[in-house]
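First the structure, in the form of structure tokens, and then the observations on it.
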Amino acid sequence: MNIEISNVAKLPSRFGMFKVQAFKEDEKEHLVIIKEPYKEPVNIRIHSECLTGDAIGSLKCDCRDQLEESLKFIEKNGGMVIYLRQEGRNIGLFNKINAYNLQDKGLDTIEANHQLGFKTDERTYEIVDFILKYYKIKSINLLTNNPKKLMGLHNVKVAARVPIIIKPNKFNEKYLQTKKNEMGHLLDDNKKA
């Protein structure tokens with residue numbers, strides 16, 4: 001793994017003042033959004049890119065809601081959002097749009113990925129281990145509903161899982177049920193939203 005690291009820059013946002021640093025891994029450029037001060041265990045959100053949700057506000061998923069809730073939490077409590085360039089559970093934007101087309105025809109998110117020849121989830125988290133080691137972080141509170149992220153980290157202690165509570169909408173209810181029932185996502189708290 002060949003990794004280049006950018007300088008740190010200030011980033012004012014509608015969620016508050018952050019610092020940002022980019023990590024270039026081969027052809028992918030990941031972003032770390034930092035709110036200081038932070039202390040161990042460090043509040044960490046690992047967020048995979050979702051152009052349709054994060055930038056356009058798609059209601060088919062809960063990605064933008066999770067990102068925004070995480071930024072609010074980090075702004076208030078300190079920590080980092082590690083924004084990974086792994087669009088569509090790492091199948092890429094082109095294939096994700098083809099998966100959306102299959103979902104429009106009745107397949108769920110997993111069936112669509114399989115129909116296109118992909119695994120349920122193609123993401124990897126080695127770069128996260130590298131980033132946490134770079135910042136000398138040994139213990140984290142992981143903001144996630146995805147148990148795979150808990151298992152995907154190898155060089156850090158996960159002290160706690162912090163659920164991200166999102167209210168479902170009529171467009172993403174099936175998607176969220178599939179994530180819960182088939183991928184093991186921990187979404188029971190969403191019913192309280």
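Note that Cβ sites are derived from N, Cα and C of the backbone, with glycine treated the same way.
So that you can see what the record holds, here are the features copied from Swiss-Prot:
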ACT_SITE  D121  active site, proton acceptor
ACT_SITE  R123  active site, nucleophile
BINDING   R45, I46, H47, S48, E49, Q66, E87, G88, R89, T109, T144, K149  GTP binding site
BINDING   C50, C61, C63  Zn(2+) binding site
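Sequence features annotated in Swiss-Prot and their locations in the structure.
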residue	record	DSSP (3 states)
R45	GTP binding site	strand
C50	Zn(2+) binding site	coil
C61	Zn(2+) binding site	coil
E87	GTP binding site	helix
D121	active site, proton acceptor	coil
T144	GTP binding site	coil
Practice prompt. Would you pick out, from the recorded positions R45, H47, R89, R123, the residue whose Cβ has the largest number of other Cβ atoms within 10 Å?
Written response: R45
Practice prompt. Mind giving me a neighbour count for C50 (Zn(2+) binding site)? Other Cβ atoms within 10 Å of its Cβ, every protein chain shown.
Written response: 23
Worksheet entry | Cα distance (Å, whole number) from C50 (Zn(2+) binding site) to E87 (GTP binding site) | 5
Worksheet item: Long-range same-chain neighbours of C63 (Zn(2+) binding site), Cβ under 8 Å, sequence gap at least 6?
Response: H47, S48, C50, G53, D54
Worksheet entry | Residues flanking the Zn(2+) site, with Cβ no more than 8 Å from the Cβ centroid of C50, C61, C63 and excluding those residues themselves | T52, G53, D54, S58, K60, D62, R64, Q66
Worksheet entry | Top Cα neighbour of R123 (active site, nucleophile) in the set of binding-site residues R45, R89, T144 | R89
Worksheet item: Taking the Cβ of C61 (Zn(2+) binding site) as the centre, how many other Cβ atoms fall within a 10 Å radius?
Response: 21
Worksheet item: When you measure from the Cβ of T144 (GTP binding site), how many other Cβ atoms are you left with inside 10 Å?
Response: 22
Discussion item. To the nearest Å, how far is the Cα of R89 (GTP binding site) from the Cα of C61 (Zn(2+) binding site)?
Written reply: 12
